[in-house]
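Marked as transmembrane segment by TrEMBL: C:12-32, C:37-54, C:60-84, C:96-114, C:140-160, C:188-212, C:224-246, C:258-277.
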């Protein structure tokens, strides 16, 4: 099927990158984890139209839950993913009860505030979370009892790639299901959804909760693979970067999220490596360039360019 | 009792009375029109019936039970549906998706996350029926945003009908539609299911006289008079109202 | 009782800082409908210029502060012309993104120019002195902060209530379309309001450096705080910002005195409950 082409290409790209950059597996794995986070944001923002700037709260909840679960209960990675998903979904549901009553600026701000509270709680509960030192001592068992995590990061990479693929497929199916259609409906016209007998509030909470579960999975992945959860998991910067990656790629199409994450992470990596002090210039300029010149993201670029070329040809003839 | 039964309905905003002591019935098969000058309280009345506004006093009964405390979504599920003055369609979805959405919700499948949204044969057949009924078949896979305004009004009507309402309120169905396209709207209204209770709120007298069998005239929140199109056309008070500059 | 008075004085001083920094944000949000996450950047620029004029050029505190405010306004006006004017019509999300981008650029610029360490703005001896209030001694600085806040709100009130500019600005906030139709040059009003907001933010940043220390990451660190003041006060409402800033300043100070370990949590929880109950803010108009 045509719509499976782009994601399949991305999967191949991931494998190619694995062999092309064998000494950067930690970086590539980091990209995969961010892809999961940005995909979760695409569901919430791209599909359901819920503009939040606090996706890090859900990510961090998953990361800490999975980390603590591995340390104190069971170090099985897959079980940990479920725990992370549960924590993210739970936080999304509870905070969603309040957040989804608001919209616009108030929603954006409250979602930042929720992440700030989480950060503060994690900072203060030093005995449990390790506070500013981060949660350490996570030692994972082999994935499915078969693949032990190695220090080069090969297992981590394949494990993360498998999770990305599963999450992508689940979201692709969800976006074609009735729920996906109704979320697009809410995005397009909440008034009309109410007029056809839908409680927009509960539908938005549902979307936010599912998105929270996926963001929690991203956090859990990060905790398991890096064996560390830091306060940064809850940071505004992480939420903002996830948003930038999504808009950069293009919302509401899933593979836009993947593309945006790839571009952002590579630009970030390159800029930070070349000039560790001034890379924010590059990111800032990149963000402004996207907003002004590609408001619908990079995936809108080919049609835009085509139109431009066509226009040029028309003008010439 | 079947149908909609409104008794002594009033609505005040602060000191301003916009609906006053309205008695109104709408039975299955009715084709009633609500007319009146701007600011007569026509939209307020329809918002009271659909649950967007709550009345200050009075009762609204549907099939004999009081629905005055139900919200908009609950009334829709009982079968009271309304089209909008200004279209609030899902502009970035195709016509087909616009019709699929309300049917899925009506069938309580909106939370479904397994299976495809277009995977229900019965629902797809119903969508096709609606497309055919409103002559939208050729536009089924176009985005609503790309349609002409008159066509959008048809989608609006089809979408509302997809809810299988028993009471249908058409709020200015021809607003903004160029006169060359109004016949599309008239045809569509004439083809509505016979047992549906229909209330049309409209400025366009031409359209009202073509589709309504009963006309209710609202002035300053009160019912001035009620009767057949012939009665209304002959009514001195109404002629005064419309010829005397109240018409816009 | 002493505790109560301590909380009141510190809380009011803190609230005045929040007010001076946030009021411009409230006006631009109410007027231009711009979600300007970069607003804290003007407080940063003010602080950085003041540091530079004072520490590197050796100017005394007050002239350095004055020049810093002028310099910040001078930076803000072309920004309004070149960037903000283009994003007024964008959706919330695009605006958020654009202003995050601007925030990054401001951080990077200050970082390049002055580094990422703390930028001190030493107070003159006259402000370091203490006055005895009976229940405690208080640095003159706090009194100056409170006075500056009062002068700001009074000045804004006079400006908005008593001048032609104010009438036009309020008309534009109420209804931009009508205002332009009445022949009011909204472009000019926007720019003036923007510059005024930036200048006040710079003043707040400089005077508040004791409480909210200046470094390159300042705009991100305090972004939520400034946004909260605006959201709680109600967008576009100057008196709302004032009430919210004083209330939130006092609340945060009180939690720091009373439950120091949980100050931030209590503070944010309170704000979330308040905004859940009144999404339009204390003095904001409900959106129809």
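Just so you know, glycine gets a Cβ as well, placed from its N, Cα and C.
Owing to the predicted nature of the structure, the values given are computational and were not obtained by experimental measurement.
Here the transmembrane segment (C:140-160) sits apart from the transmembrane segment (C:60-84); fewer than 3 CB pairs are under 8 Å, leaving out pairs fewer than 6 apart in sequence. Two recorded stretches are said to be in contact when at least 3 C-beta pairs lie under 8 angstroms, sequence spacing 6 or more; the transmembrane segment (C:96-114) and the transmembrane segment (C:37-54) meet this definition. Between the transmembrane segment (C:224-246) and the transmembrane segment (C:12-32), the number of CB pairs under 8 angstroms, six or more residues apart, is three or more, so the stretches are in contact. Same-chain residues lying 6 or more positions outside the transmembrane segment (C:37-54) and placing a CB less than 8 Å from one of its CB atoms are 21-22, 24-25, 28, 60-61, 63-65, 67-69, 71-72, 75-76, 96, 99-100, 102-103, 106-107, 110, 113-114, 119-122, 197-199, 201-206, 208-209, 212, 214, 216, 218-220, 222-223, 226-227.
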